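Colleague: For reference, Swiss-Prot lists these features for the protein:
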{"type": "DISULFID", "residues": "C27-C86", "note": "disulfide bond"}
{"type": "DOMAIN", "residues": "6-100", "note": "domain 'Ig-like C1-type'"}
{"type": "REGION", "residues": "1-105", "note": "region 'C region'"}
Amino acid sequence: QPKSDPLVTLFLPSLKNLQANKVTLVCLVSEFYPGTLVVDWKVDGVPVTQGVETTQPSKQTNNKYMVSSYLTLISDQWMPHSRYSCRVTHEGNTVEKSVSPAECS
């Protein structure tokens, strides 16, 4: 099976989430092969490890893989003007998706 680069999508927390005490950003990584990769999170370019949870790769129906990575912050840590980044390293290649929540409101 040929190598397949990951497709990375970064989801912001919903308003419903923001009213709770926790905020979760989701980085969905799909369509990759082989099934090993590394997901890193950064806030304003600074690596973050606390509050990060990444699932084990699961096989899709097309024999490629997908993982989800979650960054959970307490509301006090949530800064709409910050830049949140999800970086995926797969087979020596890096894909990074960034979002600034202030741009979305």
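Cβ coordinates are placed from backbone N, Cα and C, and glycine is handled just like the others.
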Colleague: Can you give me the same-chain residues 6 or more apart in sequence from C27 (disulfide bond) with a CB-CB distance under 8 Å?
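Modeller: Correct list: V8, T9, L10, F11, V39, W41, S68, S69, Y70, L71, C86, V88, K97.
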Colleague: Could you give the number of helix, strand and coil residues in the domain 'Ig-like C1-type' (6-100) as assigned by DSSP?
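Modeller: Counting residues by DSSP class gives 8 helix, 55 strand, 32 coil.
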